[in-house]
Structures are given as C-alpha cells and as structure tokens.
Amino acid sequence: MVKHQPLQVYEKQVFVSFVTGIYGCRWKRYQRSQDDSSRWECAWFIILCTSFLLLLLWTYFWLVAKNDFNDFNWLVYNRTGEWRDETLPIVASTTVGFSYITFLLILALFHISLGQQLNLYWVHKIGVLATLLTTVSGVVSVDDVWGDEWDILLVSMQSTAPFLHIGALVTVTAVSWLIAGYVVRRERSNVQMLVLIVYILVLLALYLAPLSFTCPCIMDRNSLRPRPAIIGRRGAPMLAPENTMVSFNRALQHGAGSLEADVAISVDGVPFLMRDRTLRRTTNVSRAFPGRQHEDASFFNWTEIRSLNAGQWFLQSDPYWTVDTLTAKDRSRIGSQTVCGLVEMLRLASRTNSSALLSVRRPPPEHPRHRSWFMDTLWAVQKAGIPQKRVTWTPDTDRGRVRGLQQSAGEKLSVKEIRQRGITSLTLHYSKISLKDIREYQANNVSVTVYPVNEPWLYSTLWCSGVPSVSSDAPQVLRKVPYPIWLMSRNAYSFIWISSDLVSLAVVIGIFCFQKWRMSGMQTYNPEQIMLSAVTRRSSREVNVMKEKLIFSELNNGLGSSEELSLYPENGYARYSHGGLSR
C-alpha cells in the first residue's frame, strides 16, 4: 500500500477568476477562500457602498443641475474673473468616478453571491478613498459657491420620483437574494437579525414612499392647461451672444413670444443691455480701454460703449459648445455685434408684435443718472414706439412714477401685498414657488413667470403645474416639447404603484423561502451522500465536483491525520482506508 496525497480535481472557473482577480488581485485558485470576510474587509465594503450612494446622489445632482449650468459658470466668473466652462471637468470626473465605484460594487456583490471572501486590492482601496474624498470636497465647494442649487433636487423629484421609486424597488428586491442568503445561514447572530430588520424597514419605506410624492404630471389629461409661453432670457444666448440683436432675433425665430433683457444706464443717460456690472466678459474693453476694464459699465458713455465689440468673446470662448454648429455667415454676423441699446431691442419687439420684460439695474449713488434713471428708461420705451402694455417693469423702486407699464415683482408675495402694490405678475425662480402657490396665484388672476427653464423635464413639470410663462436661455430646446414628457392619471399610477409593491413582496418572500430550502439541503448534505452519488452514472464534471467537496469536507474535519481518502477514478468508486490511500 502506497501513501498518496489526497486527490483534488480542479475545474476551471473563468468567471470566478475574473471577479476575484479584478477585485482583489487573486487570480489563482489557491489564493481564494470561501471563509467569512474579516471585519476589516467588511469595513471596506461599507466604505465602498457609502462612496457609491454619495456618488449616485452627486451624479443625479449634476444631471438635473444641467438646467443651470450657465448660472454656475457666471457665479464662478464673478469669483475668479475668468470665464470658462467649469462644468465640463466636474461632469467628466463624476462620470469616471461613478463608473469606477459602480464596477467595484458589482464585483463585490458577485463575491458575496459566489461565497467568496471579500478582499479588496490595496490599489482599489486607494482609488475608493480618493474618489470619496474628491466627492466630499466637491459637495463642500458647491455648497459654498452654489448653495441655493440644492433646491433643484426637491424640484426634480416632482418629475422623476415615480421612476426613481420603481428603480429603487427593483434594486432592493434584487438585493433580497444576498440578504436572504446571509440571514438564513445555520449560524445565528445579532448582526443577522439587525440586517434583516434594516432590510425590512427599507422595503416598507419604499412600498409607502409614493404617499409622500407631489407630482404635478399625475393628473387628468383634460385638466392640462395651455402650453406655457416662452420668454427669450437675454435672447437665445446658447445660439448667439447674450443681449445682442442676433440673440433676440434667434429667440423669436425659435418660438419665443417675449424678450427679457438686463438694462443698465450709461453715464450720459442711454439705457443699454448688459448683464454684468463690468464690460470685461462680453466685450473687448480690455483691449479698447485697458485701464478701465474693471470699471462699472454704467460709468462709460454711450459712444464708448457702442465702439466695443460684443460678439468675438462668444466665438472665442464658445460657452455652450455651439459655435461649431454655426455657418460661416452666422459667425461673421456674430463677430461684428456691438452692445445693444434698449431702444433697438424694443423696436424689434414692436415690429414682431412681441412683449418685453425689463430688469433695470439702478446706477450707483455717485452716478450722474442715479435719480433720473427711470425717466431715461421711460424715454427709451416711448422712443421705441412699443405699446406700454407690452412692456413689463420688474424693479421694485419708483413704481408710483412708472405708469402705464405692466408691473412685476421678483419676490414671492402674498395676494394681499400684490394688490396693494398694484402688481399684475410675478417673476420667480423655479425653486421659490410651489404647486400650491401657483394655483393660489392663478385663482386670483396673478400671472407668474418662472425662470430659468432650460430643460424639457422642468418645462414639462411647470406645464403640468399650470405656469403661464417661463423665461429660458434655450428657447430652441423648449420649442421641441409640444407636450409634457409624461402625463399619467392618478388611477393609472395607483395601479402601477400597488402592483409593483405586490410583485416585489411576492418575489422577496419567494427568494427567502428558496434560500431557506436551499440552505437546509446543503446543511443535511454529508460525505456519504457525495460518495454514493459519485458511484452513479453522472457527467465527469458533476463527479469531479462531488469528489472535491468530499475531499475538502474530510480535510476540514481533520480526517487526514488518522485516515486517508481512497478514490478509484477508474470505476468512480470512493472508499476510506486507514494508514494511507491505496490504489
């Protein structure tokens, strides 16, 4: 009788090798283990999950914040003094980081489902920490520079909540396979009970989440109000330089029924259109007047302002990545644009039977037109020949002196205050108004204009809310939205919601029952059953797998010290022998 080492038959497991190799750099079979993961590795798994959830929120934030990318770049410009698209590196790095963390999380879940020990490679640990710290620093920076933008998350939920709910329900239901596999194990511990309780609470919260949804587009189709009118906010600044004649013409060509402009007063009393306090971003003032580039735009006279070029900056900086779509003729026309006067814009609105919304900036106290600025504006309206009822005045000062024009306020007011001030409309940021406010204003014949509205999802939500008009930087985009993106009756949504919950509950219960049955079968499976099964005629792969289970089972029970396992591969018969393995 000759002693031999226990016979081990290895099967190639390409998928397992791929998963454990990329996740933990364990490419060889002997490097893997099916033992429970250490607490340290479990802690890294929790860090990975935390990074994924934070990045998921961060990615969703930037997807919906696309509506306000121009405002973000403008805020950064006011802080740094340099105009560039700051959103591009943020979106690119977020995409890379989210893809990387999601891939690692999928590999980790495969580890758990295959029973492999979690062992994250040190390179990935550094990558996870770097991604997490970068995301946290990004959140802190945005909160400092753009803190008001967090409101868009709640606003976006009015449009995306039903779909996010279904996605979350599918994900949590699928995770029940791993939860059930962990909870129904023979060993019982407090951690298992804690995991089960947390999972049940999360599941119940998801089942009842639609009770808290406020979605304007869950409504009867017959209750849908007319399509909101589109106001060209500074024209169509994605297609041409803002506050220029080309920009206003483009806005009207793409369906805008009104024009909105920022008005400043020159030192000699001429109203002109300029968003910034200086001329540095949108003109060539740094070349024409190098010593005055940081000076307030209102301290230039109209001759100096008119001599500046207001189009080349758009072609050079390409703020919306649209210059390549322009024809040579369009570029030539844009490149020769000058600063637009208020009279020119109002004459265009008059010729096209459009209306105008004016946001006038009062000059500083030391400005020579500080007291007569409103008279200068009224003079421009009269000179343009546009009916005063088609011009809306937004400044909240000197309302008593401005008669004949439509009065609008830029702050949220009660109906009583609106009537006391003689205001006929409100111009509000989309985050400052709710569905309840909109309905209250409509009931009291107060018109509401919401700004900025650049994305179809926000336009659709406001349409369903009953907003009569929106101010947009992208009229060419909203023009392509002839109907809300989605509209669903309350009964239809209730049916989908309840059905989804019931299907999810049935699947979860079925998975837990199957895992319980599967685990109980594995617990009663013993080496004798493996040997008897191996005697029967089975495929070579099944026999090899059962032999391997038997070998590892006996080795784990310490059998190798006193007995050896004897296998006869030629006839598929296996038996024990004392003192060694005989063949």
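Glycine is treated like the rest: Cβ placed from N, Cα and C.
TrEMBL annotations: computationally assigned, not manually curated.
Record features (TrEMBL):
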TRANSMEM  42-63  transmembrane segment
TRANSMEM  90-110  transmembrane segment
TRANSMEM  122-142  transmembrane segment
TRANSMEM  162-184  transmembrane segment
TRANSMEM  191-213  transmembrane segment
DOMAIN    228-482  domain 'GP-PDE'
TRANSMEM  492-514  transmembrane segment
Return the average pLDDT for the domain 'GP-PDE' (228-482) as a whole number. 92
Test of understanding: applying the rule of at least three C-beta pairs under 8 Å (pairs 6 or more apart in sequence), is the transmembrane segment (122-142) touching the transmembrane segment (492-514)? no
Maximum Cβ pairs under 8 Å to the transmembrane segment (122-142) among 42-63, 162-184, 191-213 is reached by 42-63
